[in-house]
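A.B. asks: Please find one structure pasted underneath; my questions will follow.
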Amino acid sequence: MEAKAVKSNLVLILDFGSQYTHLITRRIRALNVFSLCISGTSTLQSIAEFNPSAIILSGGPHSVHAEGAPCFAPDFIDYVESKNISVLGICYGLQLIVQKLGGEVRIAGKHEYGRMGIEVEKVEGLFGNKKVGDKQSVWMSHGDEAVRLPEGFEVVARSHQGAVAAIENRARGFYGLQYHPEVTHSPEGMDTLKYFLFDICGISASWKMQDILDEELEVIKSTVGPDDLVICGLSGGVDSTVAATLVHKAIGDRLHCLFVDNGLLRWCERERVMETFERDLHLPVTCVDASEQFLSKLKGVTEPEKKRKIIGEEFINIFDSFAQELKQKLGKEPVYLVQGTLYPDVIESCPPPGSGRNHSHTIKSHHNVGGLPKNMKLKLIEPLKLLFKDEVRELGKIMGVPQGFLKRHPFPGPGLAVRVPGDVTLGDHLDTLRKADEIFIQSIKDAGIYDNIWQAFAVFLPVLTVGVQGDQRTYSHAIALRAVTSHDGMTADWYDFDHKFLADLSTKICNEVTGVNRVLMDITSKPPSTIEWE
């Protein structure tokens, strides 16, 4: 779905680098209102093309009075007032409004971080559904404060320390919160967001997944010519499968799917996935064994980003070869390539404004975003690029994709290459990992907790550790286990297994996987770690 196709009720979020920005997007979508996040420094033309009904300025780690601090476009204020678009600033966003409209922001005498109490002072605007004197707990995260408001603005809530917590100028349509309403640590924050969207902005809760399906089908049909051929690389994961099902629904048998065994798949993955495609999804799929091709290119490569790039390039080489085979067979060369890129992929591959970083310094190059070569011949179709994982699952459910398949844990495009730090081709590292991973996942399923976990997997550690097995000293490898809970993959917390489960699992892996004498548990959240190890 192209964002420009959304004609009304779009809430646009200008991102100034807050770790919580994506949460604003999700919270608003949860209210059945479509929202998108773009760079806070986007041009006015880019903003206007979205035709937003409301705009939210996110928080950020910067000080508005610091040199080089990111800011919205020069004519932004005139634009929103001429279009009667209400603007809500959160934390840094509030301070931008204050500064750019003639007020003053300074370093606070007392910083406010974490849970703080606030009290409502006026109830005409943001707190129109509250009473004067009402108190609530909110999540603060700021070292600056507004010390002088622009003309026409008034304070509508203060913290218990007396600092400005909420401001507004109802006549001009500007509102600000000095706390994060989108996080769960602000229990009444969603009430405030709802009131802003529905009562102040007059937005209707009309965004539904069926609308997205209908819209996307039309976009695909209008994009792909009546005789154009399309190919799709299926990974066996939820994203590419839902994307392929969607495109197949739009253009039928002009879609040709390809499943590539790159030598980096899980235990029996090829057999299991192909059976599902043929038996349950009825998708036209060709299977190619390219394991030697991939592994020969990866031999000796240890740098994670380089591994991702190599894998992305090899996939495209195979897709190009597949396209030529179709041309010889059908007399036509495919024009488009379908990918299951999701919104978090796009967000994580774009550095926030004011960070001084470019794409070469992002968290990681996603196989669907930064891992593809620039000289690729095929044009991309990314029908899911504005959706989060849970929304993709809902879309798949509407289209009849089996529930068991939709509940599969995410699997990275580069496969096990990012779960074997260093050279993946050394020894029997991949086979060792496959066996340990299969035991881990099957144990989780047997315990009935698979659906409680966002993602679980094993990691092969390229280090040798001393052990004792069969009354003999061993010098073998270690396996790390990773299991996390999450709503969208943007943030995650480690899953707290029962200790007996872990004890039994460790014993089973060490007994049944040759060359392993130690099992570790990764108990790091995201942030500071990513979910995958590379």
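Using the three backbone atoms N, Cα and C, a Cβ is placed for every residue, glycine included.
For reference, TrEMBL lists these features for the protein:
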DOMAIN    207-408  domain 'GMPS ATP-PPase'
BINDING   SER235, GLY236, GLY237, VAL238, ASP239, SER240, THR241  ATP binding site
A.B. asks: Counting Cβ atoms within 10 Å of each candidate's own Cβ, which of the binding-site residues GLY236, VAL238, ASP239, THR241 comes out highest?
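C.D. replies: Checking each of GLY236, VAL238, ASP239, THR241, the winner is THR241.
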A.B. asks: So around the ATP site, SER235, GLY236, GLY237, VAL238, ASP239, SER240, THR241 aside, which residues have their CB within 8 A of the centroid of those CB atoms?
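C.D. replies: Near the ATP site, the remaining chain residues are LEU234, VAL242, ALA243, GLY340, ARG408, PHE411.
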A.B. asks: Once near-sequence residues are set aside, which residues in the chain of SER240 (ATP binding site), 6 or more away, have Cβ atoms under 8 Å from its Cβ?
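C.D. replies: Once residues fewer than 6 apart are set aside, SER240 (ATP binding site) is near CYS232, GLY233, LEU234, VAL338, GLN339, GLY340.
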A.B. asks: Sequence gap of 6 or more, C-beta under 8 Å: which same-chain residues meet both conditions with respect to GLY237 (ATP binding site)?
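C.D. replies: GLY237 (ATP binding site) has long-range Cβ partners GLY340, ARG408, PRO410, PHE411.
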A.B. asks: Within 10 Å of the Cβ of SER235 (ATP binding site), how many other Cβ atoms can you find? Include all protein chains, please.
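C.D. replies: Other Cβ atoms found within 10 Å: 22.
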A.B. asks: Tell me, what is the mean pLDDT of the domain 'GMPS ATP-PPase' (207-408)?
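C.D. replies: It averages 84.
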